[in-house]
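**Student:** Sharing the feature lines straight out of TrEMBL:
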type	residues	note
COMPBIAS	1-10	compositional bias 'Polar residues'
COMPBIAS	18-28	compositional bias 'Polar residues'
DOMAIN	98-247	domain 'FAD dependent oxidoreductase'
REGION	1-29	region 'Disordered'
Amino acid sequence: MGKSMGTSRSAPRRRIPQSPNLAESDPTSGVREIKITEFYDDRAEDAEIWYQSEVRNFRQLNQSQLPPGMTLGYVSKNGVSFTCKTLSSMEELALLTDANTLVNASGLGAKILASDETILGIRGQTMFVKTDKLDEAMIIQGSQYTYVIPRASDGGVILGGVTQPGDSRVHPDLSLRSDILTRVNSTINGTFSTLDLNRDVVKDIVGFRPSRIGGIRVERVGNVVHAYGFSGLGYLFAFGAAKKVRDLILQTPVLAKL
C-alpha cells in the first residue's frame, strides 16, 4: 500500500539520545531513567541488539543472572489548537482546515481514514499494583511476552502482559491475572509471590497497540503525510518519526490518491 519503514532503526535512534535530557530537564514529561533488564525467549544468540550502542551502561547478562527455564501543554503554548471530531475520511478533514498538508497519525483509525486494511489492533492487558518493591524494569520478549515496569510519576508497578492480535475485547479478562503473575514471578525471583490478586491489584488495564501488517507507514501521498503502524513503540519512535514527517511536509507534493 505504501512505503514502509520496516525494520529501520533510524527513527528510534534519533529518539534515544533525547530521552536522558528530557528526563533531567522536565520531570513532568513522564520520562525517567531506570535500569532495564530485557530477556528474549526465542531469539538467536547472535541476533543484533540494535540499541546497544545508543543507551548508557549497556551490558549483556551472564548465565548466572538469568531467571529459570508528547505533552499537550507544549504544543498548545506554540499555537496549536485542538478539535475533537469524528471523521470518516481524510477528505472530511480537508474541509475543516485551510492547511496545505494534512498529517494522518490516527493509529487504528487509519483503517478507515486511509482505507488501509493492513491495520491490526493488538490487545494488551496489564495489572497496576501499588508497591515500592521494584525500581527497575524487566522485560521478556517473544512468545511469553512478560514485563514489570515501575511507573515514573505516581509510583506503583505495571505487571504484564499479553499480546492478542485482532482481539477487540475492551473489558479486562480476569482469568489472565494468574498467568501474568506467574510469569512475572518466574522472571524476578518471586518478588510478588505474596501478592493477592483480589486485594492488591488497583486496576486492570486494557489497551490496543496500533500495528500494521507489513510494518510502519511513513510517506507522503499528494497533500497527505501518513505516519502510523507503530504498534507499542510510538513513544520510542516519536522524535525520529516527527522529523521524517516534517521533512515530508516540506517536500513538493506528489499527486496521487489517498
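First residue shown is number 1, and so on along the chain.
Placement of Cβ uses the backbone N, Cα and C atoms for every residue, glycine included.
Keep in mind that this is a model prediction, so the values were computed, not measured.
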**Student:** Restricting attention to the domain 'FAD dependent oxidoreductase' (98-247), give the mean pLDDT.
**Tutor:** 94
**Student:** By DSSP assignment, list the helix, strand and coil residue numbers for the domain 'FAD dependent oxidoreductase' (98-247), in that order.
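**Tutor:** Going by DSSP assignments, the domain 'FAD dependent oxidoreductase' (98-247) contains 42 helix, 52 strand, 56 coil.
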